[in-house]
């Protein structure tokens, strides 16, 4: 389809590009094929391909003809102007050249462009056809069948839409002629008929034929046949019939219209935005370069224009053209003046004419420039003149039409124009101009109301015309394109059109949103920036701006006037600043020089920095004017203010025009999203966000104002903000919103006046008066600069910081808006759209129903957000209060902590109390917070002004109140002395107080919300549940009291693992599921529990499982999508893993979730009954008032109704009857009638009533009621994405095990703190909580909470710095001492002293809240309660002390030792595992248990026979506890275990936290190994407590590893048996502490038999699980998998030494350079002649260049083979000095003897050369050479790892010839002689050095030295032979054990062994002897063994 579409496009373009006989074939073929397709006629695959082939051949022939015609011969035969050439379109594109240059190609440029484009299009058509035919991208069978299916009707029929005749109108209007008039007439006739669709359908074939005929006639007349074709028929011209040749018939008016429209669009764009260019040029020409007079005139004109635009828009439009003419004339005058002034005589003319001096003329701008300066001075005004002329002549009129606010242009006009451009119907644009003409006519003719009345009618008619033609033509075009080209490209184009329209719509919406946003807030932006600019530069002129906007903000009616006056005044400021920059203005002429005062309190350095005395005072600076280097930078801020003011007017006028376009008035309520109202607030998260964006300040403006007040206080912290604090307190104490609204206008007036007053203080008095302020006079009153700054008094030295006033102005803006809110919130339209703003403490007074929907059972994301805010914000706020107090060590912080603890303890009870009580307590906390903020502000005078005096005598006050100045500039921080009294810098400020203040205000609004009533109702329902549950004991059935069975409850009794063994084979057990199966099951489970599921999700599931099956089947087929398939498969695996983890977590928390669901259902009914009781009370109250019902009847009716509701409630929740119908709480709550739940209570069968207990799963499965709200909530949670489901599952896991989380955090806090105060709770956990039956009581949790709070308070009190031990000196002195008293007690001053305590407190309260929601907080009946005694008072007092101490302890231990319900369990294996882990930690972390053993290792320590005492003690203790624990386990002594637990808990904590730190002198929290050991030991304590609480198992049968017969158990059991002495020790201990009649040898025999039988059993189970058919050979995967690995392992062991040594040296070897080289030369047996040593500085490593040079020097293979063994890093050069390092110490006789032998002896005298090389590995290498002198010195040495270094024989081509010289010198002690050795024939510069190149072998790294040190032979002897002997044991002597190992079935023997264990545990010792003898006899009798070990199936067959 795509190829056919491309063919048709090229055929069409080629046919109309150059009309001719050849091109007519393409044209007719295009028309024919399109007509064929349009008539729904089929086309075969063969026919289409044949058509392509024919077109290809014709196209090729056409190209050949065009090519041949370019030759000289062809053009001579058929000249270009001949008939045949014109008929067939043969053009002379190439002009024939001369015969002298036949190869020159001369292009004929006289033709039109289609002549040159025609061959290119022809070539592209040919290439496309050939490509399609070659590649096969043409119409396939399926595509052809697609067209065939569409032609099933078999008739040639074109279907027209009713609006299609518009196309005829367009055609007739576009091509005006009589022939097209027929189309217009035809269209009109069709429109007249009623059945237009039917008529158009009937006429469609004729219209088609007529259109084709017109096209063909026009095509003929488009050929170049003017002389041959007629022009008239009779007296009528054929042009009127439309038969005329245009120059470009295919282009015509369309391209002209396109260009006109595009040009119009560009012109409209320029007309709209060119004025901004001119405005920028105004600023550029005014501020570029030096500021002179004519530039100021430019700015004056610009400012006048902006002022007029801002103030009087209509006058500005009328004068705008005059303004441009004035600017143009003035610019021309400036250019002429500057240009003519450069002539020689003109400066004199100007001086004579004006009377100005040269300086004054230069200030105007007339001065003589250099050539470059002249160019710059004229260029910018020239460009500005050009821009203004363009605006005046070309863009002014369109700009005036655009900015005409009285005429409304239709919004869809641009859409119509765009449609016309896209479709090509450009002549219809005349309708637009007609519309404009119509508009102008209306404007000229009609006045007043007639004009306004008729104008919309004309506009409406024009709209219809504009819509009629282009839009329906667009519809026709799209429908035809879909029908004719059903291809991918057509779909792509449709999609692009849709996306472009959507993008356009979105862009329009964004623009409307931004304009609306600016409309709402542009005034605030202008006011804020104007005041900010004024505060940046305090002056008298800027005071006007502050006054205007300070008064305009609270009084809104003055805001337009403030904008206008600000515009005028800013223009005045800018002009004044520019005029003051002229060179004629000289401030030095009138500046004041103030003399230094005598009677002043200014210090000398302060006096020199005072504004009065440091330099001459310019009087203009007080007004806000000064000289500045850059005028633009100086005036930039005011220019921006002016632009913002102009932009403000633009925004308002744009919005006015916009609302007129939409023909509606502006909205009364300023909202960004008008559709978001109070009614849509609860519809979803997005509507809620929109509502908050609309009405955030309306709902929370008061709180924002309070927060802004606190912000002002925090930023300034001086005297004046105390007034703000007083106002804040005055407003807060009124509490009610109505009372606050009454004083709010006064507050706004105060803020305005106070703002102006503070700015006046910043401006001060004029400094030019040279009068200082009175507080600077030398008076008895103590006044210094810091105090003046704090009081915020004006001063010339400490100038008040005006920038801080921006916070005051923001507060003023917020307060002004809140004043407006107070006025609007009583209006009906605001109350309807934005909601009511009430703060009634009892919002339900007078209301029957809560208007806020119930969100507790989340049914949307909005409900989840509401739950977070309205339920959990309270606890978050308390956390913030805690952090606020904890991060600031002061008295104020202590108050925060106490308040936090109070609300944490009584928070739940507080939430269900009456609203007034709750608000009263909360307001007290808010008032305290406010008082703290104000107090810190007041105390800032001590911290900022008198800080040095406070440090000297009142340091404790600084520490008590955290007095630190948070505002900079009061004193030099370097001058503070921190040694005697350090300032708590990090603990100052009110940032956290402000955050706390915000949170407290938000929570107060939550308390007043209708939504919060649902929370209180739920809490009341939970309390009712708890009260009812507390009346029953915990062990009663759940059915009776509806309590929750928490994690670890007795409905989950663990079966005794030792009771009986599972003899079923593994094949009967359910197989484990794969990840894909789990994922599929999860999705199926979710699908079953949801009513609807999108098909895409199901497809996703099936695709994922398909990938899993394909992966198991094999590798997917390769293809281009293989990588994508792999990625999809990997993604499916990831999703399956997430689903699997989620499913697993849900299985772990199944009971918790189901129990929570049951409790939620119960709470739902209780909530409804509470609401019904409330409604009944209100209803009867109304009836009493209206009907005058007597009081006693009213009370009887109320009590009876309430009793009936409660009875229904009790029956509904206890399971005696079940509510039947569907319930909808939302409908009942919001309905206008009282909610009445009609429940059909159906008694359940007697079988259900007789049951004693049912689980939560059974209750959920048997329920017979349907609650719509809960079902929707469940569906909402089930439809979440995977990530949220995983998060929910993790939260459920955390909640289900919150008790363990509490224990973990308590232990973690103890590990980190390691103090006495933190030890209490862990000990209570191990000895109270974990031993409590069935769970820790409420008393324990309250003890833990209260103790944590007390611990926090105690720690907090000891953080104050005035304690002596908290000083910097004491802290530094005792930094690492573990027994520093505050540290060991837990009272040390640290930065993070309370972090883990906060976490512990939060976790405890989290667990407490879960217990309350699960009815387990108050449902536990404390067994330690005191019974009532009916004795005398004296006896009662006497026994009171005994009972309060003895009875609780007796009851506690009695419950442990004699529990009524006990599920015996066995966790000894886990306890033993923790002991083993602790043992390993001790062994490998032994260094942590010694004083100075941190750097040692265990091997060196043991080799030196040194063992740390603490390490030894811990080893012995650990091993002893393991022995004792095993003994207690075997004896099943619960009491002994309890005593051992108590001793061990106290002993371990005493050892780890007190004794061990004393031994190691290392703090526990800095000893990671000790912390890890303690944490594992805590796990042991938990398991041990669980064992004590549940009791030991009644029977202990065998090893816990032998309970299952799989590979894992077998592997672990074999490992257990390989540990030396472990099996023997366990067996002996079992024999000692178990009652038995067997001797130790008999016992060991039974154990060995049992172990062997277990191993055989595992082997048999493996054979059953993986059976092998009879007579089948082993699979290759088994043979090559197992056998191949064994072969590989054996080969690796055999060749391990060689491979290891080779790889160590070559791959991971370390370079080992020598560190010392010593050379010695001896002659015979005499003293050495020459001795010289060089160290590392003379041993130079090789570089790459030297290495390459060495390889080039030795080119033979033998040398290169040696060199390539080393890299350049392994080679060094030892530069040995030629002079001996020692003198020649030889006696004179020996000297004479040497001379004699050298001169006269016939025997050769040997000269020996010794050299010694020392390396880093402390090895030394030496070599002895006996050579004659001519060839003595070897220059290439190899230094191996062995004992000898040798010369390199491969590089040994003869040694260097050396020359030995004896030097002599004379000193005071006599002659000294030494030898010099030099290379023979050396250069003079290098003769004193002997180079020696050393090749160094690499050595093994230190980490592998313990193996590499053995060498190859050592490794063979020590490793290979030992392993070989071990392996040989597996493969030898197998035949000896066949009889006892190849047993077919060992079940009976295994059962016999377990019977022995069983009778031993039950005390049947005689039976134990008999069974043992039976077992021994079985092993003695092979025949009996054979019978007993037959397979069960073979035994049955033999019996049969």
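Glycine is treated like the rest: Cβ placed from N, Cα and C.
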Matching range for TrEMBL feature annotation, transmembrane segment, among 543-561, 562-580, 581-599: 562-580
Which listed span TrEMBL calls transmembrane segment, if the choices are 1428-1449, 1494-1515, 1516-1537, 1538-1559: 1538-1559
Feature transmembrane segment in TrEMBL, mapped to one of the ranges 137-163, 245-271, 407-433: 407-433
Among ranges 20-39, 80-99, whichever one TrEMBL labels transmembrane segment: 20-39
1904-1927, 1928-1951, 1952-1975 - the range that TrEMBL marks as transmembrane segment: 1904-1927
Within the domain 'Piezo non-specific cation channel cap' (1740-1806), residues counted as helix, strand or coil by DSSP: 33 helix, 10 strand, 24 coil
Helix-strand-coil residue split for the domain 'Piezo TM1-24' (5-153), DSSP-based: 101 helix, 4 strand, 44 coil
Cβ contacts under 8 Å made by the transmembrane segment (296-315) with residues that lie 6+ beyond its boundaries: 279, 282-283, 285-286, 323, 326-327, 330, 405, 563-564, 567-568, 571, 574-575, 578-579, 582, 642, 645-646, 649, 653
Confidence summary for the domain 'Piezo TM1-24' (170-250), mean pLDDT rounded: 73
Sequence-remote partners of the transmembrane segment (1538-1559) [C-beta within less than 8 Å, at least six residues beyond its ends]: 1314, 1319, 1322-1323, 1326-1327, 1331, 1378-1379, 1384, 1453, 1456-1457, 1489-1491, 1509-1510, 1517, 1521, 1524-1525, 1528, 1567, 1570, 1573-1574, 1577, 1581, 1584-1585, 1588
Within the domain 'Piezo TM1-24' (253-401), residues counted as helix, strand or coil by DSSP: 129 helix, 0 strand, 20 coil
Outside the transmembrane segment (1467-1490), six or more residues from its ends: residues with CB under 8 Å to it: 1496-1498, 1501, 1508-1511, 1514-1515, 1518-1519, 1521-1522, 1525-1526, 1529, 1556, 1559-1560, 1562, 1567-1570, 1572-1573, 1576-1577, 1579-1580, 1583-1584, 1586-1587, 1600
Structural state census, the domain 'Piezo transmembrane helical unit' (1296-1417) (DSSP three-state): 84 helix, 0 strand, 38 coil
